[in-house]
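S.K.: Annotations per TrEMBL:
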type: REGION; residues: 1-34; note: region 'Disordered'
type: COMPBIAS; residues: 18-30; note: compositional bias 'Basic and acidic residues'
type: TRANSMEM; residues: 39-58; note: transmembrane segment
type: TRANSMEM; residues: 150-166; note: transmembrane segment
type: TRANSMEM; residues: 178-197; note: transmembrane segment
type: TRANSMEM; residues: 209-242; note: transmembrane segment
type: TRANSMEM; residues: 263-284; note: transmembrane segment
type: DOMAIN; residues: 318-374; note: domain 'MIR'
type: DOMAIN; residues: 387-443; note: domain 'MIR'
type: DOMAIN; residues: 448-504; note: domain 'MIR'
type: TRANSMEM; residues: 577-595; note: transmembrane segment
type: TRANSMEM; residues: 616-635; note: transmembrane segment
type: TRANSMEM; residues: 647-669; note: transmembrane segment
type: TRANSMEM; residues: 681-701; note: transmembrane segment
Amino acid sequence: MPKAEGSDAPATAASRSTEPKSKKTHRDTAYDSGKTSTGLWWTLFGLILITTAATRFYKLDQPDHICWDETHFGKFGGYYINRTFFFDVHPPLGKMLIGLFGYLDGYNATFAFEKPGDKYEDYPYMGMRAGCAIMGALLVPLSFLTVWEMTFSLPAATFAGVLILLDHGMLTLNRYILLDPPLLFFISASVYTTVKFHNQRHRAFSFPWWFWLSATGAMLVGSVAVKFVGVFVVFLVGFRAIADLWEILGDLSRPVSYTVKHFMARALCLIALPIVLYMGIFYIHLRVLYLSGPGDGYFSSAFQTHLEGNFLHNASTPREVAYGSLLTLKNSITGGGYLHSHMHLYPAGVGAKQQQVTTYSHKDGNNRWFIKKFNKPTPLWNSTDSIELVRNGDLIRLEHRPTRRNLHSHKEPAPVSRKHYQVTGYGENGTGDANDVWRLVIEGGAENEPLETMRHKFKLVHYLQNCVLSTTKKTLPKWGYEQQEVTCNPNLRDAAAVWNVEDNRFPRLPNVSFSAYKLNFFQRFFEAHAVMFSGNAGLKPKDGELTSRPWMWPINLRGQFFSAGEGVKIYLLGNPIIWWSNLVFMAFYLTLLVVKSIRDRRGIISSPHQKALQERALSACGWLYIGWLLHYVPFWGMGRILYFHHYFPALLFSSMMSGVVIDYLVESIPPLLPAGIRNSAYHLLVGGIVSSLIYSFYLFAPLTYGMSNGPSTEANSTMYGMRWLETWEF
């Protein structure tokens, strides 16, 4: 590898000639100097592409069973193929792509994807894996090209590409049916396109300038539309845009209107265009998934009227609720479940040992309740007595249809929220006691106003305890089947204590069509986001589930098993040489920044060559360091469950930064040595770094391609002696 800056090797002479001669760029200067040939550029880039393909597709079909979260995202991809509506806490684009990969491979979405370890048998799963692997493989050339565009240094670009190429963690994460490959691809592509756009700054408003600006907006949409954490790269691009506008504003040869023109162009391509594309993705998502499925219950009753096969679709129900009606009650907060009970009792030591009452997010026969007056039995549907409507302010009882027990509360603490009261099912054959009585209060309702299906939201206030029926959305332990806690909250203003009638069955009243309650696209769009945000906030670790904290990630403290059953074992762990070196090089960058600031302040002048090296390294590393901070620091403030794989977007930036720092070091150290050995020292440094990276990749390769012959403590194990840290479980 020659010791020099690079040129824009892939660019043609014609394309370069479009730049104003008075605005000759660093790229052109490097090209004109002849320090890097086009042939060498393409040779190294081609070698990286070939090696990337070889490492990413080797043994891609192994293990031939479900690995880790393939059980979720393979299933979700299949739902797009068979048009079944589902709920996930992430936006839809990544799952849509997985479904597309499977569809192109002939997958018909009949595999159950029940649990990790299940064999794929004869089902075509390789299309989905290969599609994800291709997107993951593109990270290597994108990293190479990004650093090239930031520095125009072929060694820096090559080191950056090699660091991504030879990292086992990045390799493992991008070989399976997961959201991480498309997420990382769109983040990496967003950074590359914004750097390409920045390099068109001397050709403002030309076709390439508009193309790369629009491409940046499109890639940002992809990032956010796969996972919401993609918004961090939006902030990075936003900071870059602000810096560019500030620089343009400082050009006194241009009027302020020129800056306004630049601002409007960026607003169009980085704000308006992404909003339109993002909403378009959701429009396709909602149009494709039109059949009722496992995600219905997370959404409002009005949302469900759009889903074919759901009992609310093209159905009818009585408008008013009468005593004797068989009801399904849904909590009206975002993502709220159905009021539910079952034959199981609260265990000893958890309040009164009475029947459990919970909320449940799926439709179930145990969600049905008869509504009756507080002092009368349930009226028969074939009765000839006059119909009596349920009205605002009435005292009522709710009788669980399957078990004939009444909704009940008393001054026993709730199972999880100990300051609330316990809610149970109590009594026999509909007969209980005074603690079964509730007052129905319609939100904003007039006195004696009849309760209406779906339209009205109401609270149930306990008659004796003066508390309100609520859900805390806290998950009960296994004895409660991990359903959500229902309590009676003494705080009558609890926002989660609002309910609506979804299903109303009473044959003696005329029905009205549910089509009157349908939502438009924008209402469904905003509700979908509210449910996703609520679901993300509610992701908490389950009993015994192994999680990790952000401080563990950069030091590679603990990995994660992708496949831990019999046969081939896969373990997600970063290449320790790369990960630990990234921390060292990051510290070196910060030190270099401080030292240069002090030298500049003291007026100490560096040689032109050293000054150019420092400016190039500090400029590129500065933006990459901001990218690393934006993709890492926010996780420290997140209350949701976190996993090791959440660090990998930040890893992209730290590895590219390491490539730039390595280039700076190998350019800076040899000139300090005697002239006769400088060239040899340079090549020795480069060769030593590349060789150590390749050897470390070889040593830990079984983590990615499959470990066998027992744990690493056994002499015949493929990983014998490689457990450098006790926290590595393999």
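Each Cβ is built from the backbone N, Cα and C atoms, and glycine gets one as well.
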S.K.: Need a quick answer: max count of Cβ pairs under 8 Å to the transmembrane segment (681-701), which of 39-58, 150-166, 178-197, 577-595, 616-635 is it?
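M.R.: Per the Cβ under 8 Å count, 150-166.
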S.K.: Rank 178-197, 209-242, 263-284, 616-635, 647-669 by Cβ pairs under 8 Å to the transmembrane segment (150-166) and hand me the top one.
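M.R.: Stretch with the highest Cβ contact count: 647-669.
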S.K.: By Cβ distance under 8 Å, which residues at least 6 away from the ends of the transmembrane segment (263-284) in the same chain are close to it?
M.R.: 91-93, 96, 205, 210, 213-214, 216-218, 220-221, 224-225, 237-238, 241, 245, 521, 525, 528
S.K.: I'm a bit unsure how to read this: which one of 39-58, 178-197, 577-595 has the highest number of Cβ pairs shorter than 8 Å with the transmembrane segment (616-635)?
M.R.: 577-595
S.K.: What mean pLDDT does the predicted model reach across the domain 'MIR' (318-374)?
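M.R.: Over the domain 'MIR' (318-374), the predicted model scores a mean pLDDT of 93.
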S.K.: Could you give me the DSSP helix, strand and coil counts for the domain 'MIR' (318-374)?
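M.R.: Final tally across the stretch: 3 helix, 29 strand, 25 coil.
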S.K.: Where else in the chain does the transmembrane segment (577-595) make close Cβ contacts, counting only residues six or more beyond its ends and a cut-off under 8 Å?
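M.R.: Residues 163, 166-167, 169, 554-556, 614, 617-618, 621-622, 625, 628, 651, 654-655, 657-658, 661-662, 664-665, 692-693, 696 contact the transmembrane segment (577-595) from elsewhere in the chain.
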S.K.: Hey, which bits of the same chain come close to the transmembrane segment (178-197), Cβ under 8 Å, at least six residues off its ends?
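M.R.: Result: 68-70, 73, 90, 93-95, 97, 132-133, 135-136, 138-139, 142-143, 145-146, 149-150, 170, 209, 212-213, 215-216, 219-220, 222-223, 226-227, 229-230, 233-234, 236-237, 240, 627, 631, 645, 648-649, 652-653.
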S.K.: By DSSP, what is the split of the domain 'MIR' (448-504) into helix, strand and coil residues?
M.R.: 3 helix, 27 strand, 27 coil
S.K.: Count the residues of the domain 'MIR' (387-443) that DSSP assigns to helix (H, G, I), to strand (E, B) and to coil, and report the three numbers in that order.
M.R.: 3 helix, 29 strand, 25 coil
